[in-house]
Amino acid sequence: MSQLDSRSASARIRVFDQQRAEAAVRELLYAIGEDPDRDGLVATPSRVARSYREMFAGLYTDPDSVLNTMFDEDHDELVLVKEIPMYSTCEHHLVAFHGVAHVGYIPGDDGRVTGLSKIARLVDLYAKRPQVQERLTSQIADALMKKLDPRGVIVVIEAEHLCMAMRGVRKPGSVTTTSAVRGLFKTNAASRAEALDLILRK
């Protein structure tokens, strides 16, 4: 199955269960030895549940709806959006990883492009799910290939993982870089090198 995410089909029918989330947070507070009824924690289950609803909003949005606006610009060269701020949640520890995404594509033969803000929204949608960085990178690339039918797509994500910074090996400042290349960027070394040069150029 494509990395495009088998969960997409169910995104339209998922509903966040606020009550169940609050009960789970309350149980977690008991599990760590806290009293969820004390003043400082009495509203915490509700707050955490609402936060999770926002942090995982991408589970309840159909990716196709994000890329539903296209323009006939007859453009046949690279379109690159750099330094898109990105916040996601590691699915292994449910703590944040954050950084930037660089997303580029070469339009297909029809020259159609999508709005630049749509690319940022697509990054945000897939980031707002329990994730691993490798899959996140591929999902963004595959979604663009499916919807835009471009000649090529390149996605590079640079992120710091708090599961490495605040626990475990405790290496704050470590940056993980992942890439996904599709179409022309996979088969043509010159096109790939040009895109990477533009991405890495500060």
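Residue numbering: from 1, along the chain as shown.
Note: Cβ is positioned from N, Cα and C throughout, glycine not excepted.
The annotation Zn(2+) binding site is assigned in Swiss-Prot to Cys90, His93, Cys163.
Listed in chain order, the extra residues whose Cβ falls within 8 Å of the Cβ center of the Zn(2+) site residues Cys90, His93, Cys163 are Thr89, Glu91, His92, Leu94, Val95, Phe97, His161, Leu162, Met164, Arg167. Cβ environment of Cys90 (Zn(2+) binding site): Ala96, Phe97, Pro130, Gln131, Val132, His161, Leu162, Cys163 lie under 8 Å away, each six or more residues apart in the same chain. For His93 (Zn(2+) binding site), the same-chain residues 6+ apart in sequence whose C-beta sits under 8 angstroms from its C-beta are Cys163, Arg167. DSSP assigns Cys163 (Zn(2+) binding site) to a helix in the three-state reduction.
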